[in-house]
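Enquirer: One structure coming up, written as C-alpha cells, with questions to follow.
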Amino acid sequence: MAFSLEEESGRIKDCWDNQEVPALSTCSNANIFRRINAILDDSLDFSKVCTTPINRGIHDQLPDFQDSEEAITSRMLFPTSAQESPRGLPDANGLCLGLQSLSLTGWDRPWSTQDSDSSAQSNTQSVLSMLQNPLGNVLGKTPLSFLSLDPLGSDLDKFPAPSVRGSRLDTRPILDSRSSSPSDSDTSGFSSGSDHLSDLISSLRISPPLPFLSMTGNGPRDPLKMGVGSRMDQEQAALAAVAPSPTSAPKRWPGTSVWPSWDLLGAPKDPFSIEREARLHRQAAAVNEATCTWSGQLPPRNYKNPIYSCKVFLGGVPWDITEAGLVNTFRVFGSLSVEWPGKDGKHPRCPPKGNMPKGYVYLVFELEKSVRALLQACSHDPLSPDGLSEYYFKMSSRRMRCKEVQVIPWVLADSNFVWSPSQRLDPSRTVFVGALHGMLNAEALAAILNDLFGGVVYAGIDTDKHKYPIGSGRVTFNNQRSYLKAVTAAFVEIKTTKFTKKVQIDPYLEDSLCLICSSQPGPFFCRDQVCFKYFCRSCWHWRHSMEGLRHHSPLMRNQKN
C-alpha cells in the first residue's frame, strides 16, 4: 500500500495531536482495520485511531521530487549515516498511516545490534502501542515489529514477524542469525495463530518499495551490489563503533552463509596451500602403487676417454665420520669440499647439529682429474652384467677400521641421449620423471620408457651446478598418444639386477600464462585429464572449488633447479 508524502509540519502535527476527530470513517487504513476487527470478533477499540485520509492532491503537487538529487538520496533504502537527507527516509512520526504512536524499532538505525543499543529500545516503541492501539487488547502486552523491506526483493514477507518475544527488528534475519541454535529461530507470533491475520498486518507498509538509485553515479547500479554491499559496509561500521564487551557478545550460528560461492571465491585460509600440495606431490612415488612395471637388463655402457663430473657420491661411510676426517682421507687426490645430505634434498656444508650422518656424503673436487685419480685408487669389477663398474674405496674412522665405501661418479655423456637427432623436440610432448636411481643414465631411461609407451626420441637427466644428477629427468615423445599414456601411468616400477626403484611421471612444465584468465602467470598445473592446463592462484581456487575437482593435485616447477 502506497502513502503520500506530506510537506506541512502543521498537517502532520494535526494528524497525531487531534484526539477529537471521528475515529475510523476517514482513516486511510480503515478497511484493513475493519477486516482485522472482523477476524477478532469485533473486539477492537477504534477510538484512538488516526483519522487521516489519503490526500492525493498534495501528492500530485510534488512532480519534481523524484527527479531531484535530494530525492534520490532520501529514497535510498539504506542511506549512509554521514549523509542524511533533509527529507530523509520517512520515519514513523512523519507519516500518517492510521496507527497512532507508530514507530518501527531499528528503522532509524537499521544496523544497530541488540546488545549495543539498549537505550534506543527505551526510546523507540513497538508498532502498535499496547496502551493506545486497538490490537493491544487482543494481542497482549508484547510489542510488535514488522518485517523490514528487503533490498533484494525476496519473499521475506511470507515469513511472520518474529517480534512477539520483544526483540529488536534484525535487518539481517537470515544472513546473520543471533540465535544460539537453529531451533530458536522457529517462527512464532501471528503465524502460529492466524496466517490471514499475519498477511493483513504485513500489508500495513509505512512506504512503498523504494527503487535502488545511485547516490552519485549517472547510471543505475547493480541491485545485488547495492543491497548487499551497503548492508555489509554499514553493519561493520556500526559494530566497530559499538565494540561490545565479550560478556555481552551475542551467540551466533557457526559458519553459515546464504551465498557459499562467495566464500569459495574468496582468499583461502592458507594462502600457501597450493605450494604445500605441490611439494607433497613430488614425493608421491613413495606412497603410491605403481601402475606398470619394467624389468630387465640395462643397456651396456662403453666409454672412451670419459669426462667426469667433479662431484662424486660416497655410500656406506662410517657413522662417526667427520668432515675433517673426510678431507684428510681424500685430499691426497686434490682440493675438495664436503656436502652433507640435508633435509628436502639440500646439501649443507656440514652435518646438522645433533643429527647422525645419513650414511652417505658428496665430495666436490676442484678439478676433474682428481676424480680420475680417485677412481684409479678404487677397487672395481668391470665385468658386471650391465657393464656398469662399481668402485669401492677403503677408509677408516675413529671407531671403524678399513671400512669399504662405494664411490659413484657421473660421466657427463650420460646426461643426454638422442634417439632421433633430426626429430624436433616438442615440450608439449615431454614428461618429467622423478625419483630416479643414481645408476640410471639417459640412455637407460629412454630405453625403459620406449619399451613401455613407445615413441621416445630424447631423454635427459637433470643435473646440478656440478653437473651431477639430482634424481630427475625428462623424456620427449614423437606422438601425443605415447605422451598421454606415460602421463596416465604416473608411477612405474623399474627392476634390474642391481636395484628396484619406483619412478614418478608427470607432465613437463614450462613458464606459461594462466589458460583461464590469460592475464596472470600460471605457475600451477593440473595433471588431471579433466583440466590439464595452467592456472593462476585465483583461477585454481575458482576451478577446483567445484564438487568433483577438489581432489586434483597441483604441479609446480622446482624453482631451485
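Glycine is no exception: its Cβ is also placed from the backbone N, Cα and C atoms.
Quick paste from Swiss-Prot:
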type     : residues               : note
MOD_RES  : S43                    : phosphoserine
REGION   : 158-194                : region 'Disordered'
MOD_RES  : T171                   : phosphothreonine
COMPBIAS : 176-194                : compositional bias 'Low complexity'
DOMAIN   : 310-407                : domain 'RRM 1'
SITE     : W410                   : site 'Important for the positionning of RRM1 relative to RRM2'
DOMAIN   : 429-510                : domain 'RRM 2'
BINDING  : C514, C517, C536, C539 : Zn(2+) 1 binding site
Enquirer: Look up C539 (Zn(2+) 1 binding site) in the DSSP assignment and report helix, strand or coil.
Expert: helix
Enquirer: Cα-Cα, whole number of Å: C536 (Zn(2+) 1 binding site) versus W410 (site 'Important for the positionning of RRM1 relative to RRM2')?
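Expert: Here the two Cα atoms lie 38 Å apart.
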Enquirer: How many whole Å apart are the CA atoms of C539 (Zn(2+) 1 binding site) and S43 (phosphoserine)?
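Expert: Counting only the Cα atoms, the answer is 64 Å.
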Enquirer: Long-range same-chain neighbours of C514 (Zn(2+) 1 binding site), Cβ under 8 Å, sequence gap at least 6?
Expert: Q520, P521, G522, Y534, F535, C536, C539
Enquirer: Over all shown protein chains, what is the count of other CB atoms within 10 A of the CB belonging to W410 (site 'Important for the positionning of RRM1 relative to RRM2')?
Expert: 24
Enquirer: Looking only at the domain 'RRM 2' (429-510), what is the model's average confidence as pLDDT?
Expert: 96
Enquirer: Please count the residues of the domain 'RRM 2' (429-510) that DSSP assigns to helix (H, G, I), strand (E, B) and coil.
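Expert: Going through the domain 'RRM 2' (429-510) residue by residue, I get 23 helix, 35 strand, 24 coil.
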Enquirer: Tell me, if you would, which residue among C517, C536, C539 (binding-site residues) has the fewest other CB atoms within 10 Å in the structure shown?
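Expert: Sparsest of the binding-site residues C517, C536, C539 by Cβ contacts within 10 Å: C517.
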Enquirer: I need the CA-to-CA distance for W410 (site 'Important for the positionning of RRM1 relative to RRM2') versus the residue listed as 'phosphoserine', whole Å please.
Expert: 103
Enquirer: Around the C-beta of the residue listed as 'phosphoserine', how many further C-beta atoms are within 10 angstroms, looking at every protein chain?
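Expert: The answer is 11.
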Enquirer: For the recorded Zn(2+) 1 site, enumerate neighbouring residues of the same chain (Cβ within 8 Å of the Cβ centroid of C514, C517, C536, C539, site residues themselves excluded), in sequence order.
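Expert: Once C514, C517, C536, C539 are set aside, the remaining close residues are L513, L515, I516, S518, S519, Q520, G522, Y534, F535, R537, S538, W540.
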Enquirer: Cα of C517 (Zn(2+) 1 binding site) to Cα of the residue listed as 'phosphoserine': how many Å, rounded?
Expert: 67
